[in-house]
Amino acid sequence: MLRQEIYVLQKMEGEQQNQQLVETANTVEVPADTLEPLTVDEVIEKHIGSFGWSQFLHVFLVSLAWIFDSQSTLVTIFSDAEPSSWKSSTVNGGNQDNIASVCGLKPGSWEWVGGHKSSTIAEWNLVCERKFVAAIPASLFFLGSLLGSAVFGRLADTRLGRKKTVMVSCVLTSTTFFFTSLAPNIWIYSLLRCANGFARSGIGIACLVLSTEVVGRKWRGQVGQYGFFLFTVGFISLPLIAYPTRNNWRTLHRILAIFPMFYSLFLLPFVSESPRWLIVRGKSKESIAVLKRFAKLNGKELPTNLTLADVTSNREAETYGNLWTTKWAAKRLITVMIAGFGIGFVYYGVQLNVENLNFSIYFTVAVNAIMEIPAVLIGTILLSFTSRRILFSISAFLAGVSCFLCIIFTKGSRGPKAMTSKEPRGSWPQLSIEALGFMAASTAYDILYIYCVELFPTNVRNFAMSFMRQALMLGASVSPLLVALGRLSPSLSFIIFGALSIFSGLVSFWLPETKDAPLFETLKQQGEEEKRRHLPTDDSALELGNVTKITSPSM
């Protein structure tokens, strides 16, 4: 009997202890090792906020570098421009009204009105039989950009990271700008322009990725457009800087060398490295520290027991070779590059072609630059609710149609005297249509960057971006030759511009949609997730932003 009473008492005590444990579990903080690891996407969406004050400041500081990218790319519109007029002191007492070209005059019997230092064409006499030599610096600049995209794209994904890549690129851009101003001849100048193209290529690649990797998925499109808006600011700044230095192209380059160096020394240090890149490189503590800073500036706080999902297990094995050996990634990248070649050709070609219009070069550049503003605004608004694929293709189609319409208002071939002829070379309707076409090309160009960021995972994102940018630069490197041809046959140049633009729009239909899709960290993760979300037999319906329910076939 006594033994039975003791047993009952022990049982009651055990039940009370179990009840206390249950109550304690409901009130005490869960240990760190029991918290499920989160991805960077989940931390941003749940604990930091998709787009708060910290992300705005980060994106703004990063996007400022786009100004120097724009200035490097488009400075040749002024430094390599053909002067608008010339004068002779040996013909008819200095009156050359009845002379259409300087090509038939003896060397030394005439001079450019703005002076021989107003541009490289004036200083090194790149006219008449040497007119195609004038296209070499611009072509080599884009070829340098092509090579730089490959190098900086890999460095940004591996050793340097996004932030250091931007810094190195800006410092080299400043240095090459300055040395270009010292070029003694057209050949050294061309090589230095190639070096400048190589240097600036890291800016566009790393800045866009560094901006988009810290915001929520619904803000990626808009954030990418902010960078392009700063690119437009750099575009608009060029006429303002070039006009006071119009009599000396070397001074223009020296002034432009100041800005990227100042940015690297005094503004870039306040920018944080991408937490996505840090976690992919196995630097979990550093990634959490960056995320904590973003949360603090947003007035929030991360959980003390936060851990990030490990995505580094196959990091060393899954490298850039896998980008080409993984079927879906290789097909996607090739498609992006084909579309990029056409858009790069049209986007840069139309800008460089402004000198073939019968207007002040400062005015036409300003018009094109201003047209980039509505392009950015339209892209920002439409990207919030429109699919990337449709928006890109429509923009490319509109740019192509505008180029074809320009043919109606273009005069025919003007023969070998076109380089220095005083015959009018354009009209207001043509300028208006070309400006609208450039706005559409600019929209397509901007969207392609955003699209490419979302199509590939973190561990190869910059590398994929570099290949896309190489395709853009390859198209851009050919465009100066077409611009030179346009001085002889404007209609032919517009036909080629239009055809390539429409072709790029058609190619984009082979790409999947990415609106509101998550950003994956590795190729393996993205491949498995896409297989899980979509029917493997329906490749044409691969929509990353929409989850497809897979049901078993009825028996």
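Cβ coordinates come from backbone N, Cα and C, glycine included.
TrEMBL: automatically predicted annotations, no manual curation.
If you check TrEMBL, you get these features:
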{"type": "DOMAIN", "residues": "58-516", "note": "domain 'Major facilitator superfamily (MFS) profile'"}
{"type": "TRANSMEM", "residues": "132-153", "note": "transmembrane segment"}
{"type": "TRANSMEM", "residues": "165-192", "note": "transmembrane segment"}
{"type": "TRANSMEM", "residues": "198-216", "note": "transmembrane segment"}
{"type": "TRANSMEM", "residues": "228-245", "note": "transmembrane segment"}
{"type": "TRANSMEM", "residues": "251-271", "note": "transmembrane segment"}
{"type": "TRANSMEM", "residues": "333-350", "note": "transmembrane segment"}
{"type": "TRANSMEM", "residues": "362-383", "note": "transmembrane segment"}
{"type": "TRANSMEM", "residues": "390-410", "note": "transmembrane segment"}
{"type": "TRANSMEM", "residues": "430-451", "note": "transmembrane segment"}
{"type": "TRANSMEM", "residues": "471-488", "note": "transmembrane segment"}
{"type": "TRANSMEM", "residues": "494-511", "note": "transmembrane segment"}
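Tallying C-beta pairs under 8 angstroms between the transmembrane segment (390-410) and each of 132-153, 198-216, 362-383, 430-451 places 430-451 first.
Counting Cβ pairs closer than 8 Å and at least 6 residues apart in sequence, the transmembrane segment (362-383) and the transmembrane segment (228-245) reach three or more and so form a contact. Within the same chain, residues 40-41, 44-45, 49-51, 55, 58-59, 62-63, 65-66, 68-69, 72-73, 144-149, 151-153, 155-156, 162-163, 165-166, 168-170, 172-173, 175-176, 223-224, 226-227, 271-272, 274-277, 294, 449-450, 453, 458, 461-462, 465-466, 469, 473, 519 sit at least 6 positions outside the transmembrane segment (198-216) and bring their C-beta atoms closer than 8 Å to a C-beta of that stretch.
Within the same chain, residues 63-71, 74-75, 77-78, 251-252, 255-256, 362, 365-366, 368-370, 372-373, 375-376, 379, 442, 445-446, 449 sit at least 6 positions outside the transmembrane segment (228-245) and bring their C-beta atoms closer than 8 Å to a C-beta of that stretch. Here the transmembrane segment (333-350) sits apart from the transmembrane segment (251-271); fewer than 3 CB pairs are under 8 Å, leaving out pairs fewer than 6 apart in sequence. Non-local neighbours of the transmembrane segment (251-271) in the same chain are 58, 61-62, 64-65, 67-68, 71-72, 75, 78-79, 163, 166-167, 170-171, 173-175, 177-178, 180-181, 210, 241-242, 245; each lies 6+ residues outside the stretch with a CB under 8 Å from one of its CB atoms. Within the same chain, residues 73, 76, 80, 82, 120-121, 126, 165, 168-169, 186, 189-191, 193-202, 205-206, 348, 352, 462-467, 469-470, 473-474, 476-481, 483-484 sit at least 6 positions outside the transmembrane segment (132-153) and bring their C-beta atoms closer than 8 Å to a C-beta of that stretch. Panel annotation: around the transmembrane segment (430-451), residues 204, 208, 212, 220-221, 224-225, 228, 336, 339-340, 343-344, 346-347, 350-351, 353, 357, 359, 364, 367-368, 371-372, 374-376, 378-379, 383, 388-389, 391-392, 395-396, 398-399, 401-403, 405-406, 409-410, 465, 468, 472, 501, 504-505, 511, 514 of the same chain, lying at least six beyond its termini, place a Cβ under 8 Å from a Cβ of the stretch.
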